[in-house]
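Step one of this worksheet: look at the structure below.
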Amino acid sequence: MLIIGERINGMFGDIKRAIQERDPAPVQEWARRQEEGGARALDLNVGPAVQDKVSAMEWLVEVTQEVSNLTLCLDSTNIKAIEAGLKKCKNRAMINSTNAEREKVEKLFPLAVEHGAALIGLTMNKTGIPKDSDTRLAFAMELVAAADEFGLPMEDLYIDPLILPANVAQDHAPEVLKTLQQIKMLADPAPKTVLGLSNVSQNCQNRPLINRTFLAMAMACGLDAAIADACDEALIETAATAEILLNQTVYCDSFVKMFKTR
């Protein structure tokens, strides 16, 4: 299970201020904390309030790399910002994200191939997020076909079946789990899968409990990666334990510590 730390995001007040003031301290503190917590990649999102998203993304990449060698997941709807961030990355990166719209596919798949980056593909188009598994899977098939068309290795494609909050779209969760299982049958080798895990508990009570419960369920259905709160100790313990019980890693008495430090 690849944990992608979610916290360096301009939607959070401290990161928003850090970007506005070009203060690296909060960004670097969260990079360190998430890596110590068990993250093996860091999502970087400048947030919606920033006017110059290109320079903001460049800055985020630079200051994060000063303290961390983890994979950086460049999270933006602004393709120019993603491209600028990729050029600043010292190590292999991940693009977050494209949907199945042809216009975006034709730009972001070649960009990922050019930079040797992994790419997150969303199972949706401009009409929105599907309610059922069959429609999600149809979009996943389009993304798999695009990877083949543009030469993106299948193991570098991370398909996100898009979970919504349990308090407003409770019926989506079983459909997402079903989609996770089916995605693994679309190609050989199969594409990877990823979820924005915290979305499942947005505006809910007991968010950490919902997050870690759904993580274990999703892992049992084949989930490979999650953009999540890497500083939630119980969440990381759940991920480490699920790997053992799914026979994905060999048991040792210090399995949680091993998960965090591998």
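Any Cβ shown, glycine's included, is placed from N, Cα and C.
Using a 10 Å Cβ-Cβ cutoff, Q202 ((6S)-5-methyl-5,6,7,8-tetrahydrofolate binding site) registers 15 neighbours. Taken from Swiss-Prot, the feature (6S)-5-methyl-5,6,7,8-tetrahydrofolate binding site covers N96, D160, N199, Q202, R207.
The annotation Ca(2+) 1 binding site is assigned in Swiss-Prot to K184, G222, D224 on the grounds of experimental evidence. Long-range neighbours of D224 (Ca(2+) 1 binding site) (same chain, six or more residues apart, CB within less than 8 Å of its CB): M1, L2, Y158, K192, T193, V194. According to DSSP, D224 (Ca(2+) 1 binding site) is assigned to coil rather than to any helix or strand.
For Q202, N203, the entry in Swiss-Prot reads methylcob(III)alamin binding site, with the evidence type a large-scale study or a structure entry. The Cβ neighbour count for N203 (methylcob(III)alamin binding site), using a 10 Å radius over every protein chain in view, is 9. Classification of N203 (methylcob(III)alamin binding site) by DSSP places it in coil, neither helical nor stranded.
Residues or ranges marked as Ca(2+) 2 binding site by Swiss-Prot on the basis of experimental evidence: G222, D224.
Marked as domain 'Pterin-binding' by Swiss-Prot on the basis of sequence analysis: 1-246.
Per Swiss-Prot, the feature site 'Transition state stabilizer' maps to N199.
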Rounded Cα-Cα span from D160 ((6S)-5-methyl-5,6,7,8-tetrahydrofolate binding site) to G222 (Ca(2+) 1 binding site), Å: 12
C-alpha spacing of K184 (Ca(2+) 1 binding site) relative to D160 ((6S)-5-methyl-5,6,7,8-tetrahydrofolate binding site), in angstrom: 12
Other CB atoms, at most 10 A from the CB of K184 (Ca(2+) 1 binding site): 17
Neighbourhood of N199 ((6S)-5-methyl-5,6,7,8-tetrahydrofolate binding site) by C-beta distance under 8 A, where only residues 6 or more apart in the same chain count: L162, I163, L164, P165
Other residues, Cβ within 8 Å of K184, G222, D224 Cβ centroid (Ca(2+) 1 site): L180, Q181, I183, A190, K192, T193, C221, L223
